[in-house]
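> The annotation active site, schiff-base intermediate with substrate is assigned in Swiss-Prot to 25 on the grounds of sequence analysis. Taken from Swiss-Prot, the feature active site, proton donor covers 58. Residues or ranges marked as substrate binding site in Swiss-Prot: 57, 73, 74, 75. The pyruvic acid (Ser) annotation in Swiss-Prot covers 25.
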């Protein structure tokens, strides 16, 4: 049996753009992608902390160091510039792999620079 587990998480990203006329996806600063082991075209789930919306799309890498977090196409309808979002990727693991899997988690500051890297997520973690 395979289990779907969180593989990477970008916590408290601030939306910098929402481009309704783009074909689709989310553009993410490629330096952030590297830190959480996310790849171009990888499926991600996005949770908007401001309005509760949850959407799925795929990644387009943005300019490294730019701090860009841009929701494109239909996904742009679910955010406004300045909204705080959580972006998560998932992987499929055997039960044995899942028991030892350690996801990569980064917390961003208000300018989308990596503020901290969390080695794990504990119950009742608040930032």
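Glycine residues also receive a Cβ, built from the backbone N, Cα and C atoms like all the rest.
From a predicted model like this one, the values you see are computed outputs, not experimental measurements.
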> Could you tell me the C-alpha distance between residue 57 (substrate binding site) and residue 25 (active site, schiff-base intermediate with substrate) in angstrom, no decimals?
5
> Just name the winner among 74, 75 (the binding-site residues) by count of other CB atoms within 10 A of its CB.
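Selected residue: 75.
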> Sorry to bug you, but what's the C-alpha spacing from residue 75 (substrate binding site) to the residue listed as 'active site, schiff-base intermediate with substrate', rounded to the closest Å?
7
> Compute the centroid of the Cβ atoms of 57, 73, 74, 75, then list the same-chain residues not in that set whose Cβ lies within 8 Å of it, in sequence order, for the substrate site.
24, 25, 26, 55, 71, 72, 76, 77, 78
> Roughly how many angstrom lie between the C-alpha atoms of residue 73 (substrate binding site) and residue 58 (active site, proton donor)?
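Just about 11 Å between their Cα atoms.
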> Helix, strand or coil at residue 74 (substrate binding site), per DSSP?
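For residue 74 (substrate binding site) - judged by DSSP and reduced to three states - the answer is helix.
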> Just how many other Cβ atoms lie inside 10 Å of the Cβ on residue 73 (substrate binding site)?
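I get 16 for this one.
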> Look up the residue listed as 'active site, proton donor' in the DSSP assignment and reduce it to helix, strand or coil.
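Once the DSSP labels are grouped into three classes, the residue listed as 'active site, proton donor' ends up as strand.
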> Report, as a single number, how many Cβ atoms besides its own are within 10 Å of the Cβ of residue 57 (substrate binding site).
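So the number of other Cβ atoms within 10 Å of residue 57 (substrate binding site) is 19.
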